[in-house]
Amino acid sequence: MKNKVLQRLKIERIASEGKCVGHHDGKVVFVSNVAPGDVVDVRVTKGRSSFLEAEAIKIHEYSDNRVSPFCEHFGTCGGCKWQHISYELQMTYKRQQVVDQFQRIAKVPLPEVMPIIGAKDTRYYRNKLDFTFSNNRWLTREEIDSGENFERNALGFHVPKRFDKIVDINHCYLQGGISNEVRNELRTFALKENLTFYDIINQTGLLRNLIIRSTADGQTMAIVQFGEDDPQGIDKVMSFLNKKFPEITSLLYIVNLKKNETFLDLDVHTFAGRDYIEENMEGLKFKIRPKSFYQTNSQQAYRLYQVAREFAGLTGKETVYDLYTGTGTIANFVAGRARQVIGIEYVEPAIEDARENARHNQLTNTQFYSGDMKDVLTDDFVSQHQKPDVVITDPPRAGMHEDVIQMLLKLSAPKIVYVSCNPATQARDVALLSEKYQVSRIQPVDMFPQTYHVENVVLLELN
Ligand SMILES: C[S@@+](CC[C@H](N)C(=O)[O-])C[C@H]1O[C@@H](n2cnc3c(N)ncnc32)[C@H](O)[C@@H]1O
């Protein structure tokens with residue numbers, strides 16, 4: 001079937017991971033970048049006995065559900081794949097994904113899935129963006145066909161599935177404040193000064209990566225990663241940013257001569273300002289350092305944590321375990337309403353941040369431990385810390401390890417609040433927990449408007 005063209009396929013609905021579904025000769029066909037209601041010609045990219053994957057090559061009829069994407073980079077950038085669908089429908093589809101995954105995978109009695117908690121800000125909602133410098137800019141079909149010579153240096157985002165190609169971003173609707181200005185001014189300066197943009201194939205070039213983090217009250221952190229240890233070049237770039245953008249409260253840089261862009265194992269140098277920014281949530285202050293994890297949509301993170309806290313139903317007497325605590329944000333957020341909160345997390349520096357944030361907020365009833373969940377959450381650990389009345393768990397996309405689920409079944413806490421960014425693995429884990437628990441509430445939250453991602457909170461109560 002590969003490469004076969006299927007004509008006038010009717011797109012019926014949205015499935016998981018944002019893919020749409022049609023049918024051909026009784027087989028399901030998954031198609032990306034279309035909308036339910038479209039009629040399209042598609043080319044098969046993968047053929048299996050039970051389903052096909054295909055790409056749209058011609059749209060015959062546009063769905064009435066479509067809206068005009070507002071971003072000039074839509075379609076190449078891959079960052080906001082659902083801009084062609086109205087926000088109301090995005091919310092309907094996201095909720096439906098949760099319903100579908102729970103019915104298909106969990107197969108347990110379910111309460112009504114609540115309407116998704118939508119975002120007030122559907123643009124400029126992210127507090128962190130990561131831009132890549134490249135000497136291999138993505139060229140459009142028109143640019144290639146024109147035969148002209150174009151600037152090949154770029155600063156922007158990866159083209160989906162292309163590690164070596166970067167879309168040069170002129171305006172991004174994901175982050176507000178000075179994000180767009182900083183990126184564009186830095187690129188203009190670098191081009192004017194003939195500074196080298198990174199060459200991913202040969203691993204050369206001075207300018208490698210730019211991360212911008214921001215807070216709701218206007219603090220900005222800019223981190224520049226350099227691919228060469230060139231003090232003069234580094235000073236030139238950092239002095240430029242410092243002078244041009246006095247609003248940057250935390251101006252940092254990293255020399256990264258490694259093959260990959262991760263910098264958890266590298267020194268971060270402070271060029272100007274502080275080495276952190278500080279986000280505020282309900283009077284609590286969270287220090288965000290360059291290596292710290294912090295939920296990327298602060299406003300919706302607050303809504304998510306409110307849901308988790310409400311589901312936990314705390315009275316001030318409970319021992320709460322916050323599993324996969326990251327930098328302890330949930331643990332610190334609920335601490336004011338619990339007797340004690342114990343956070344566990346894999347990444348040691350995140351645990352240090354969690355402890356620092358607790359101290360910073362004068363919280364004395366939180367404790368944090370680092371290590372792999374299945375190794376830390378043991379009978380010994382529980383006997384040293386008291387059994388939990390409530391477990392809050394927020395694992396990565398892959399969900400929880402089966403040993404952790406077995407331990408939760410053994411612990412039999414009266415309530416488990418399960419927060420997840422992947423309803424499929426969440427539904428799988430809920431099925432295993434249903435041996436002792438029933439699902440009593442399901443609340444999806446939209447953390448990422450214009451994308452198909454959905455966050456979901458489930459309350460499980462002991463039978
Ligand atoms: C979705 S994040 C949770 C974030 C946090 N609850 C928050 O809201 O900021 C998942 C966390 O699980 C941690 N993690 C992943 N695998 C782990 C494991 N096997 N054991 C312990 N922690 C793990 C990751 O480092 C990450 O911080």
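One is the number of the first residue shown, and numbering goes on along the chain from there.
Glycine is no exception: its Cβ is also placed from the backbone N, Cα and C atoms.
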Candidate sharing the S-adenosyl-L-methionine site with Gln295, Glu345, Asp394 (per TrEMBL), from Tyr276, Tyr302, Tyr305, Tyr324: Tyr324
Densest Cβ neighbourhood among Gln295, Tyr324, Cys421 (recorded positions), 10 Å radius: Gln295
Binding residues Gln295, Tyr324, Glu345, Asp394 (S-adenosyl-L-methionine) - maximum C-alpha distance in whole Å: 15
Whole-number Å value for how far Cys421 (active site) lies from Gln295 (S-adenosyl-L-methionine binding site) (Cα to Cα): 11
Least buried by Cβ count (within 10 Å) of the binding-site residues Glu345, Asp394: Asp394
Helix, strand and coil counts within the domain 'TRAM' (1-58) (DSSP): 3 helix, 35 strand, 20 coil
Proximal residue to Cys421 (active site) among binding-site residues Tyr324, Glu345, Asp394 (C-alpha distance): Asp394
